[in-house]
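K.L.:
Handing you this structure, nothing more for now.
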Amino acid sequence: MTTPRMLWDISAPVHAGSPVFPGDTPYSQQWCATIGPQCPVNVSALAMSPHVGTHADAPLHYDPQGATIGDVPLDAFIGPCRVIHAIGRGPLVAWEHIAHALGADRPALPQRVLVRTYERMPLDRWDAALAAYAPDTIERLADLGVVLVGIDTASIDPADSKSLDSHQVIRRRGLRVLENLVLDEVPEGDYELIALPLKLTTADASPVRAVLRTPA
């Protein structure tokens, strides 16, 4: 009998108390209709930055001529990936912090790499001291054929960055990015990633419901 494939939900919960980048629009919800004698349904209206919670950035986020998230091909967001632990490493995740999971004695590197930096991701507060990717780390991953990088913090760049150097590497190398992943319970290793963005035709990012499955 086939062993069931284990599933990890690596998405942050989204609600009014979800952390938000300073200046971004937090999550809010208003009820437009509620079930009652004259109404058979509940209907709400949502307002939020598309960067609240676990999300995929579109090229438009860091390139004025970049594609919207609705125009980004989906292939990078589904497929084999490797989760690498760099817990407590920062402010920048350097190559030496992830090299232990990339050695010649390991299986071939999948095209998607997710890095865990938190022991426990802060789901109820903004972390201005978040860990980010060193730009050279992304360059070297791209050289190895990686098409998507992810991290369990709110940005692949430091929170106070004005140049967004790692985002500019993503732009130049044509990579995709996932941010605000929840990797607290996920062991290092290889998985199948499924994290599809919504087809928002004018947006600079999209929420995703990101999950990992053990390989078939």
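The count begins at 1 with the first shown residue.
From the backbone N, Cα and C atoms, a Cβ is placed for every residue, glycine too.
According to Swiss-Prot, the protein carries these features:
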ACT_SITE  His61  active site, proton donor/acceptor
BINDING   Phe21  substrate binding site
BINDING   His51, His55, Asp57, Glu179  Zn(2+) 1 binding site
BINDING   Asp57, His167, Glu179  Zn(2+) 2 binding site
K.L.:
According to DSSP, which kind of secondary structure is Asp57 (Zn(2+) 1 binding site) found in, if we only use helix, strand and coil?
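P.N.:
Asp57 (Zn(2+) 1 binding site) sits in a strand per DSSP.
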K.L.:
Which three-state DSSP class does His167 (Zn(2+) 2 binding site) fall into?
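P.N.:
The three-state answer is helix.
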K.L.:
Got a sec? Which of these recorded positions, His61, His167, has the most Cβ atoms within 10 Å?
P.N.:
His167
K.L.:
In whole Å, how far does the CA atom of His167 (Zn(2+) 2 binding site) lie from that of Phe21 (substrate binding site)?
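P.N.:
Taking the Cα atoms only, His167 (Zn(2+) 2 binding site) lies 16 Å from Phe21 (substrate binding site).
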K.L.:
Looking at the binding-site residues His51, His55, Glu179, which has the shortest Cα distance to His61 (active site, proton donor/acceptor)?
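P.N.:
The smallest Cα gap between His61 (active site, proton donor/acceptor) and any of the binding-site residues is with His51.
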K.L.:
In Å, rounded, how far does the Cα of His55 (Zn(2+) 1 binding site) sit from the Cα of the residue listed as 'substrate binding site'?
P.N.:
13
K.L.:
About how far apart, in whole Å, are the alpha carbons (Cα) of Phe21 (substrate binding site) and His51 (Zn(2+) 1 binding site)?
P.N.:
8
K.L.:
At 10 angstroms around each C-beta, which of the binding-site residues His51, His55 has the fewest other C-beta atoms nearby?
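P.N.:
It is His51 that, of the binding-site residues His51, His55, has the fewest other Cβ atoms within 10 Å.
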